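**Q** Okay, handing you the structure first.
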């Protein structure tokens, strides 16, 4: 819940001096990316900008405090300020900020700018007290903000020092409007106006000018002069002389003498107690100070000129001027040290009563009251956890004694979930085991079950499916239906374990159940996870269309719940890329893989390994080995600089082994094979993939017998577990083994089975990457004219893809090939005396490649009637009457030229 006063522009008071000369300068702010107002405390930065902002509706205001160094808190308020300025235009960014569904501040800002691209009016965002920001991540994100903000947006920043926002670069590019302390200092005319409004008896212009000069136009000093003159009998000029040359760091003594010592004791205590509040309203003041009418007291303090300012138009929220507030807090620690814990405790209770647990925690920590802190956490910690207030929760839990956690085991569970969210898996089990040992009395079955659900999640994350299944089952046996979050976790883990075991049907049912529960209780990240798992299961079963439709549901969920910046989004676009690749939609597959890399742009480069492997895979399917090698260099560099799950390594190894196959690099394959551990099982599609990598390397090295043993066992497991996509892949690799071993009949048998299975999977690229060996076999099958219609159509499609992406010169009879052919001593006389045109040679090459007339016309981009004319002419020149004769003639020419066909 956001504090309204932090988003309210200060109210312009009647007695303030209108700074016309500075307002004139600020009137051109819309021509700059950044308007920067810098000066020490008390020069009127906030007052000036609030005067300038008056009447501007498309303006958001964000007043910072020290707590805004938390990235999530900073983001929430900044987006809320933009929403204030645009009347709620940026809904997606708002949801992402509220639910912490973004990878980084920069990526959140990128989404914001996408939405602001449709906002065409001038827009202003004011950030006050930026000097309070010390988090370098926020500085870097704001530099990103300034580089990429829309042209119609101006950022206005007030700070006591020069912020780390790339100021020099903006200045050089004339994109910076600056106002500093010299310009903010009051001139003689403004000082005269100021005193005329503050003092009951007017003073001469000359005296006003002298006082202004004595304090160098410092607004705070002028205000103190006026305050002293009203409270004391000595003249304003005496105060001016005392303040001459003083600065903010030496004000304390003056403020004690001239302010605190000149108010009654009740007012003094009111000021000191209320100063612990960063912002205050009637209820807070009443509870903290004990005075009955807090609002009236605040208005009285404001009338006395004691540096209090209204923070909203309704007059409900107030705050002290930062300079005076800091002074009062220091004095409070000295003068009311014994009472201070009680004051903070009262503040915490009041913030809780108004529904602001984060502010209440701040005061409970300051009070050192573990009981209060414990009670707040017991009631609100899980809500804060679900809103990703992780840093605040961690600080709070550290402040509680271990005994307090043991007395309230759900706080132990919360601490364990915090560790899990930070991937500190080993610490989770250590913490839970210690808690179970030391908790006094018997733990309830429900609490045990919650512990086990979390342990199950840790176990599956650590690659221990057996333990994960045991713990998930224990949790589900004991968890009441109402304990929905832990039930969602345990059900998801159980489904994932069954997926790993190859029990796809039961896994699918559990993942569908997880999705239903997660949607019902708005646990969106588990809903998304379950959809991704369902898609993977459908893919493994060979139901790629069902996988596609499930992915569409997941994309819709991401859009509706603004989950675009969760790392899981990368998982989804990656499996979409895998599916597109399988169907030979290579451009779309590549774009999807690149979007996955973009999702992970704020994470460590190692996280991009799988998407990078997919980019290599796209290059391999296109036959672009140069680009594949460039990408492989990046991939192998990542492999050498990180620790990865076995599934990730398997996917990376797959493209490496295929590349070695295509380039004939037996040395690399042999070296890899000697170092690669063999998986213990092959009962899921992850393990099948690594065994396939091993078999492919063995085939490349001519180790046909061990490769055949591997592939036959893989097929047996795949048939038993209904891993139909893996069976399809295994058959294609077995086909290559038989072909290279000279077992042509076996090769043809498994190829026909693979083509039949591809009617279900839709596979194209898996055939294409096998290159010319696959093309030769498909040509023969097409010539035999024995394939069923669907398989025949797929075989022709695969041939087109091979010819498009793996353009062997002999398949297309290009000019160089034809020239060498005509100069060959054994070329048939008929070819010499009646030479084919270049176009006719191209047509012959495409006929040999298995193209139909329509496909040849499409390839050469000419009319079908033109192709018929070319075919008739080349038949006549070759002395053949039928298509099969032309294919055989082309085959003889290729053999004569030394190509093994």
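Here the Cβ of each residue, glycine as well, is placed from N, Cα and C on the backbone.
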**Q** Of the ranges 853-872, 873-892, which one does Swiss-Prot flag as DNA-binding region?
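**A** So the range that Swiss-Prot calls DNA-binding region is 853-872.
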**Q** Given the binding-site residues 40, 42, 43, 45, 46, which one's Cβ is surrounded by the fewest other Cβ atoms within 10 Å?
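**A** Lowest Cβ count within 10 Å among the binding-site residues (40, 42, 43, 45, 46) is 40.
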**Q** Identify which of the binding-site residues 39, 41, 44 has its Cβ surrounded by the largest number of other Cβ atoms within 10 Å, counting every protein chain shown.
**A** 44
**Q** For the domain 'HTH luxR-type' (829-894), give the DSSP counts of helix residues, strand residues and coil residues.
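**A** Counts, helix then strand then coil: 51 helix, 0 strand, 15 coil.
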**Q** Can you give me the residues near the recorded ATP site, meaning same chain, not 39, 40, 41, 42, 43, 44, 45, 46 themselves, Cβ no more than 8 Å from the center of the site's Cβ atoms?
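**A** Not counting the recorded site residues, we get 160, 181, 184, 219, 220, 323.
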